[in-house]
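**Student:** If you scroll down you'll find the structure; I have some questions about it.
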Amino acid sequence: MAHQAHSYHMVDPSPWPIFGAASALLTTSGLAMWFHYNSTQLLIMGLTSMLLVMLQWWRDIVRESTFQGHHTLTVQKGLRYGMILFITSEAFFFLGFFWAFFHSSLVPTPELGGQWPPMGVKPLNPLEVPLLNTAILLASGVTVTWAHHSITEGNRKQAIHALTLTILLGFYFTALQATEYYEAPFSIADSVYGSTFFVATGFHGLHVIIGSSFLSTCLLRLIKFHFTSNHHFGFEAAAWYWHFVDVIWLFLYMTIYWWGS
Amino acid sequence: MAALGRVSRLLLGAAAATPRSLPGRSMSAAAHEAGGARLWKLLTFVVALPGVGVCMLNCYLKAQHKHERPEFVPYAHLRIRTKPFPWGDGNKTLFHNPHVNALPTGYED
């Protein structure tokens with residue numbers, strides 16, 4: 001039987017990276033086809049293939065780690081670096097949209113009436129649903145921490161309860177934001193106010209949905225006994241991502257919702 | 001800055017079996033690591049969820065009144081239509097609500 005003289009994971013050849021790249025190409029060109037030529041075929045192919053690649057690639061990682069034991073401490077350390085770098089790159093992504101918001105709101109142009117919010121734009125009251133959403137995300141940060149400690153202490157029942165509560169809070173946030181989007185008296189087409197508001201909060205909402213999906217997968221794995229009390233990096237990565245989503249919301253709330261109203 | 005310390009502690013602490021604090025929370029020096037889950041469970045039911053409840057009540061009370069809709073003024077910087085939207089008749093935004101969102105020509109209803 002062959003043995004490796006190092007603690008790294010030499011991954012078996014996999015089709016997912018190139019299929020993932022292909023799905024990215026299909027999706028982006030599909031968006032262009034939809035916007036300019038009123039055709040959704042390519043886009044649907046792109047999104048479908050993207051979903052399939054994600055499911056199968058991550059399924060393979062669970063197989064390699066939980067079932068085949070390839071995730072040594074060294075491998076885990078690399079994954080930690082990776083997740084941190086990824087989250088950092090996402091922070092920079094949002095930084096751009098915050099920059100755009102401040103660019104337009106600190107020096108409102110004459111076309112907007114020289115004021116912020118612009119003339120004719122009635123902003124949402126930050127002390128109503130946005131405040132509730134803040135409480136929800138902060139609460140979910142507490143529950144996910146409870147879940148983590150429960151996992152570390154080997155308390156299965158509490159871990160499941162706490163993680164489920166976290167996910168439910170995430171869904172509640174998403175549902176509330178969706179109704180806010182529908183009830184808002186301003187739209188994305190309402191000057192640069194609408195653009196900055198909906199693009200920033202919209203991408204945030206997408207990240208909440210991604211984070212909720214990540215946490216849901218962790219719940220499924222938790223129930224299926226994948227995690228041990230000292231090896232559960234998938235859960236930790238999901239928790240880090242969730243805290244990141246919470247922090248971005250706090251910045252959104254303080255700047256766009258509160259200062260910007 | 002504190003986040004950097006927490007992050008490197010998290011990274012280096014990968015081998016340790018001891019429970020770790022996640023970013024955003026600092027445990028008091030007196031709290032035992034073994035009781036970590038109990039503390040966060042307590043915080044969940046005594047602070048976090050009641051906080052959500054209070055905000056829910058606040059929203060419900062505030063929503064009881066107020067239904068006035070601002071009158072339509074055809075400002076040039078609002079309801080911009082540089083290009084039709086790629087759905088429907090191309091004139092309505094994705095979350096269009098006829099009751100509160102006017103079209104470039106005015107409210108629909």
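Cβ coordinates are placed from backbone N, Cα and C, and glycine is handled just like the others.
Predicted automatically and left uncurated, TrEMBL annotations should be read as such.
Here TrEMBL flags A:4-261 as domain 'Heme-copper oxidase subunit III family profile'. According to TrEMBL, the feature transmembrane segment maps to A:16-35, A:41-58, A:79-102, A:129-147, A:159-177, A:197-220, A:240-260.
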**Student:** Report the listed stretch (A:16-35, A:79-102, A:129-147, A:240-260) having the maximum count of Cβ pairs within less than 8 Å of the transmembrane segment (A:41-58).
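**Tutor:** Checked against A:16-35, A:79-102, A:129-147, A:240-260; highest Cβ contact count belongs to A:16-35.
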**Student:** Give the nonlocal contacts of the transmembrane segment (A:79-102) in its own chain as ranges (CB under 8 Å, at least six residues past its ends).
**Tutor:** 71, 195-196, 199-200, 203-204, 207, 233, 236-237, 240-241, 244, 248, 251, 255-256, 260
**Student:** Apart from its near flanks, which chain residues at least 6 from the ends of the transmembrane segment (A:197-220) lie with a Cβ under 8 angstroms of it?
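**Tutor:** Long-range Cβ neighbours of the transmembrane segment (A:197-220): 58, 90, 93-94, 97-98, 100-101, 144, 160, 163-164, 166-167, 170-171, 173-174, 177, 181, 186-188, 234-235, 237-238, 241-242, 244-245, 248-249, 252, 256.
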**Student:** Mean pLDDT, the domain 'Heme-copper oxidase subunit III family profile' (A:4-261)?
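**Tutor:** The average pLDDT of the model in the domain 'Heme-copper oxidase subunit III family profile' (A:4-261) works out to 97.
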